[in-house]
Structure formats: C-alpha cells, structure tokens
Amino acid sequence: MVRSGCGCGRDEGPRSGPEFGRQPGPEPGPEPALGAAAGERGDRADARSPALFQVLLHVLFEHAVGYALLALKEVEEISLLLPQVEECVLNLGKFHNIVRLVAFCPFASSQVALENANAVSEGVVHEDLRLLLETHLPSKKKKVLLGVGDPKIGAAIQEELGYNCQTGGVIAEILRGVRLHFHNLVKGLTDLSACKAQLGLGHSYSRAKVKFNVNRVDNMIIQSISLLDQLDKDINTFSMRVREWYGYHFPELVKIINDNATYCRLAQFIGNRRELNEEKLEKLEELTMDGAKAKAILDASRSSMGMDISAIDLINIESFSSRVVSLSEYRQSLHTYLRSKMSQVAPSLSALIGEAVGARLIAHAGSLTNLAKYPASTVQILGAEKALFRALKTRGNTPKYGLIFHSTFIGRAAAKNKGRISRYLANKCSIASRIDCFSEVPTSVFGEKLREQVEERLSFYETGEIPRKNLDVMKEAMVQAEEAAAEMARKLEKQEKKRLKKEKKRLAALALASSENSSSTPEECEETSERPKKKKKQKPQETPQENGMEDSSVPVSKPKKKRSFSKEGLASSDLEETAGSVSLPKRKTCVPKEEPGSDAEEAGNRSVPKKKRKFSSKEEPLSSGPEEAAGSKSSSSKKKKKLQKLSQED
C-alpha cells in the first residue's frame with residue numbers, strides 16, 4: 001500500500017484532530033481516528049502492513065472556471081476505501097480536514113476555457129496548466145505524486161514535466177469530494193455561477209466538436225440515402241395504386257408501359273381515352289421516347305375494353321398522378337445531391353463501389369469514421385448481421401457478402417468466385433474508406449486505382465491474367481494524387497488572388513466615395529448659406545419693377561417675363577403690339593396742337609410708350625390692386641411732363 005505524507009518529515013507525537021493518520025512507531029497500533037470500525041480492522045491492517053506515502057500527494061482538478069491544485073493530508077489508501085471514509089467525503093467539515101486548496105488558476109475568458117478543455121480531452125498540456133504545476137508544485141519532482149482524473153493527461157504531464165501521476169482508487173474518491181464541495185473550497189465562487197460556467201463550457205465544447213468541416217459532414221449522406229430508400233418504396237406503392245385505379249378505364253396501357261413514372265405521366269396526359277387522337281401523337285412520343293409505343297397506345301385507346309369513367313374520377317386520378325410524378329422528380333434531384341455530397345465526403349469510396357452502395361455502407365456503420373475503423377471482414381458482411389447470427393446459431397454457412405452485393409463486381413463474377421471477389425472488394429472498400437476519412441485533400445485518384453485492381457482481379461479469375469502488384473499501383477496513385485493536389489492548390493491561389501483584387505477595388509471605391517462626400521459637404525453648406533442672401537437681394541429689385549422704374553429694373557425682370565408668360569407665347573406679343581398702336585392717338589389727344597415734327601422724333605415718341613406698355617402689362621400679375629393704380633397715375637404724370645418738354649423744344 002502507498003501512504004501520503006507532508007513531504008517534510010514525520011511528527012514524533014500523535015496526530016490531533018479527525019485526520020485519518022497513524023502514529024509512528026516500531027509497532028503499528030490501531031487507528032484511533034477511524035472509530036470503532038477502524039479499531040475492529042486494526043489487526044487486519046497490521047497484518048497487511050501497509051506502506052506509507054513517503055511523498056506529498058497533490059490532486060489536479062479541472063473545472064469550467066479554472067484549474068485547482070489541492071494537497072492531500074496523510075491518509076491511508078485502505079482507510080479511504082472504507083465506507084465510513086466515503087461518507088466523510090460527503091461531509092464538508094470532515095472533507096476539509098482531508099484536503100486543502102493549494103492554488104487556483106481561473107480562466108480569463110470562455111474562449112480560454114474552451115481551449116483548455118480541448119487540450120485536456122486530447123491529452124495535451126496547455127500553457128496555463130504547465131504554469132500552474134511548475135509554479136505551485138515542489139521543485140523536487142521525485143517527492144511529488146500528482147493525482148489526475150484522466151490517464152491521458154496524466155501520461156502527458158509525466159512525459160513533459162516529469163511528475164509522477166496516479167489515477168483511480170484514492171484519486172477517484174478525492175475528486176468526487178472536490179467536485180461536490182468545489183464552490184466551498186474556492187472563495188467568491190457560488191454554486192449558481194459554477195453551474196452556469198459548466199453549462200456554457202459544455203455548449204461551446206459540443207459546438208466546437210460538431211463543427212469540424214462543413215463540407216465533410218457525413219450526416220447529410222446518411223439522411224439522404226435513408227430518404228432515397230423511403231422514396232423508392234413510396235413511389236413504387238403509389239405507382240401501383242395509379243396503375244390499378246387508371247386500369248379500370250384504360251387496361252391496355254399497363255402492358256405497353258412498364259416504367260412507373262412514365263405510366264403516371266401518361267395517365268395524367270391522356271385522361272379520357274376517347275379524347276386521344278392523332279394530334280396528341282407527337283406529345284405521346286415525347287413522353288414515351290419511342291414512336292412505336294406511342295402508336296401502340298393510340299391504337300389501343302381506340303379498341304380498349306375499359307369501362308367509361310366520370311369527370312370527377314378522372315380529376316382525382318390526374319391529381320394523384322401529378323403527385324407521384326413530382327415525387328419521382330424530387331427523387332432524381334435528391335440522387336444528384338447525394339452524388340455531389342459523396343464526391344466531397346468520400347470520393348474514393350464512391351469511385352470504387354458507387355455512390356449509392358458507398359452511402360449505404362456509411363449509413364449502416366453510423367459514420368465514415370466508424371466505417372474506417374471496421375476491418376475488411378466486417379465490411380464484407382455489413383448488412384447481413386441477421387444471416388450471420390442465424391448461421392452461428394445453427395452452425396451453418398456464414399454469409400459471403402452483405403451490402404456490397406449491390407455492386408456490379410459480384411454480379412459479374414461467376415458463382416464459384418463470388419466469395420473471393422466479395423472478400424477482395426471488402427478489402428479495397430476498407431482501404432478507400434480510411435483514405436477518405438483521414439486524408440486532408442479529398443481526391444478520387446485512389447478510388448479509381450482500386451477499381452482498376454478489382455477489374456484486374458475479375459479478369460484474373462476468368463482468364464488467368466496476372467494482375468499488377470498493389471505496391472506499383474499505389475505508387476502511381478501517389479504521383480497522380482500529388483499532381484491533383486498541386487493543381488487544386490493552384491486553383492485555390494487563383495481564386496484567392498481574384499477575391500483579393502475584388503476586395504481592393506471595393507475598398508478603393510468606398511474610399512473614393514467617402515472622400516467625395518467629405519469634399520462636397522462644405523460646398524453644399526456654402527451654397528445653402530448663399531441662397532438666402534440672393535433672395536434678399538432680389539426683393540428690393542422687384543419693388544421698383546412694381547413701381548414702374550424704366551431701365552434699371554428691365555434686365556432683372558427679363559427672366560421673370562419668360563417664366564410667367566412662357567405658356568402664352570406669340571398671342572400675348574401680338575396683343576401687346578395692338579395695344580401699343582391703339583395707345584398712341586390717346587396720348588396725342590392729351591397734348592395741345594403741335595406742328596408736325598420730324599419722323600425720328602415721332603418714332604422715338606412711339607417707341608417709348610411701347611416699351612413701357614409691354615413692361616407694365618407683363619408686370620401686372622406681380623403687383624396688387626392699389627399698387628397698380630398708384631403706379632399708373634405716376635407714370636401718366638411723368639409722360640405728360642416729357643411730352644410738354646418735347647413740345648416746348650419744338
């Protein structure tokens with residue numbers, strides 16, 4: 001037996017307190033701390049003469065919140081395994097007398113906790129764990145015994161750090177108590193927070209384990225092949241129902257058309273056989289893909305022995321036939337999807353034995369990893385378990401093949417060679433599944449080479465031609481696989497370069513757009529600040545136009561003339577000319593009789609009122625009623641004064 005110690009020597013006197021220790025001495029005595037049960041077993045323990053721990057025992061405990069390093073006081077292994085001691089582990093007060101916390105290293109974040117959990121599960125010593133052990137464990141490694149719960153991480157610690165590690169027995173009991181009382185051992189940690197940390201780490205750990213590679217997930221293959229088999233059964237059942245239902249009306253069609261999907265399409269297209277004529281013959285040829293069958297259907301419809309059927313029955317038959325046709329079309333698309341997934345997940349297996357049989361092998365094994373772990377003898381009879389156990393029970397002949405019977409190789413072999421070729425094919429399937437499972441770059445080169453080997457073995461059984469050696473074939477496959485991997489790497493590099501170029505162009509366009517926006521914003525602010533100023537300047541310029549100012553207001557009012565009278569056009573100008581010609585004699589009547597002046601003066605006198613008339617008439621909608629009246633009076637008084645001056649000069 002092994003006994004733990006404090007590492008710094010033994011005490012001479014007896015131990016006090018409820019520790020489960022023994023007093024040193026030449027004659028081993030009873031263990032007083034164990035009570036009556038320990039006293040009864042004292043002679044038995046002395047007879048076994050258990051050895052004492054001469055080294056210090058530490059226990060490493062991994063929790064969702066961090067690592068905990070605990071020291072174990074002097075405890076005999078035989079005492080720890082007693083039922084009374086197991087009950088003491090459940091009691092917090094007694095458990096504190098056995099174990100004390102040496103160090104606690106909390107995780108900085110949930111991501112760090114996930115990294116440490118992955119490292120522990122894979123048997124790798126994380127840097128945080130290394131720092132904790134090197135800091136808080138004694139420097140003399142031979143005097144330290146470290147208890148861990150997982151043998152894998154214990155072997156890694158012993159190999160990298162040199163500490164002796166122990167699992168099971170005493171360590172399992174101590175870890176059970178630590179797990180139970182952990183929130184009481186660490187200050188500031190509550191039971192609720194510890195449970196939340198465990199739940200969060202468990203979710204993230206499971207999520208990380210599931211997300212290995214989205215493109216290499218075989219769960220989709222398992223579901224697809226299962227759905228494909230179910231669809232085959234359902235389509236077959238529904239098609240037989242359509243044949244029986246529509247056969248009452250057109251029984252001769254069953255003998256002409258054998259394919260279920262084609263029969264349902266024809267039943268949907270023909271409907272009432274009495275309406276089938278020469279015009280629908282071309283469509284019949286498209287559906288049947290055979291002119292002779294289309295002609296036979298047309299002839300049979302004219303001399304059919306079927307019963308007449310009502311319109312409502314035909315509608316139900318056609319609707320059910322359309323459902324069967326849609327199911328068969330979905331079955332084709334699902335088969336295409338399965339082929340694409342098999343080329344991504346298991347290209348070698350699908351190239352060797354086919355997509356459907358390979359998918360059934362994966363589904364029956366549970367996953368591609370499980371199939372890769374199976375030996376070739378298991379792969380050979382996979383799917384024939386019932387026949388195997390029946391043969392073992394009755395001591396009969398065991399089955400030679402299971403699911404691989406659906407491959408073309410076993411059907412092509414002779415009866416006496418079916419067992420040989422099935423065993424050889426199972427061997428190659430096992431190799432192909434392992435290549436697909438553990439290769440980093442998926443390629444179908446190995447599957448094609450393995451298929452060639454099976455073909456050569458078939459010809460060897462039939463003709464006796466010696467096939468190539470497996471070593472030579474694998475060397476060729478390795479060369480071709482390297483070339484394919486290099487080609488794929490080049491394609492990926494080109495795609496990455498194109499993606500980077502597009503990203504650069506996009507970033508440049510965004511930068512240019514942002515710079516234009518930043519430069520245009522101050523200009524827009526200036527324009528907005530200038531616009532109200534211009535409007536303020538235009539207001540005093542519009543007032544003299546209303547008052548009838550002559551030359552200074554004319555250029556300002558020109559654009560307003562075009563805007564306000566653009567719809568009237570030429571009609572307004574004609575009216576203005578007529579108004580000007582009529583106004584001349586009116587102005588002359590208010591002037592006293594004069595001698596006839598020069599033509600130039602008369603032309604000048606005539607031109608002035610025309611301009612004024614045009615301007616005043618076009619500015620009328622801009623002014624109000626009283627303002628028009630005041631403006632007209634002032635203008636008439638000024639005109640009179642000018643005419644008087646001209647008459648005086650004459």
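Glycine is treated like the rest: Cβ placed from N, Cα and C.
Here TrEMBL flags 1-41, 495-650 as region 'Disordered'. Here TrEMBL flags 345-463 as domain 'Nop'. According to TrEMBL, the feature compositional bias 'Basic residues' maps to 497-507. Residues or ranges marked as compositional bias 'Low complexity' by TrEMBL: 508-522, 541-557.
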The domain 'Nop' (345-463) [mean pLDDT, rounded to integer]: 91
Spatial neighbours of the compositional bias 'Low complexity' (508-522) far in sequence, C-beta under 8 Å, 6+ residues away: none
Structural state census, the domain 'Nop' (345-463) (DSSP three-state): 92 helix, 0 strand, 27 coil
The compositional bias 'Basic residues' (497-507), counted residue by residue under DSSP: helix, strand, coil: 11 helix, 0 strand, 0 coil
DSSP-assigned states of the compositional bias 'Low complexity' (508-522) in counts, ordered helix, strand, coil: 15 helix, 0 strand, 0 coil
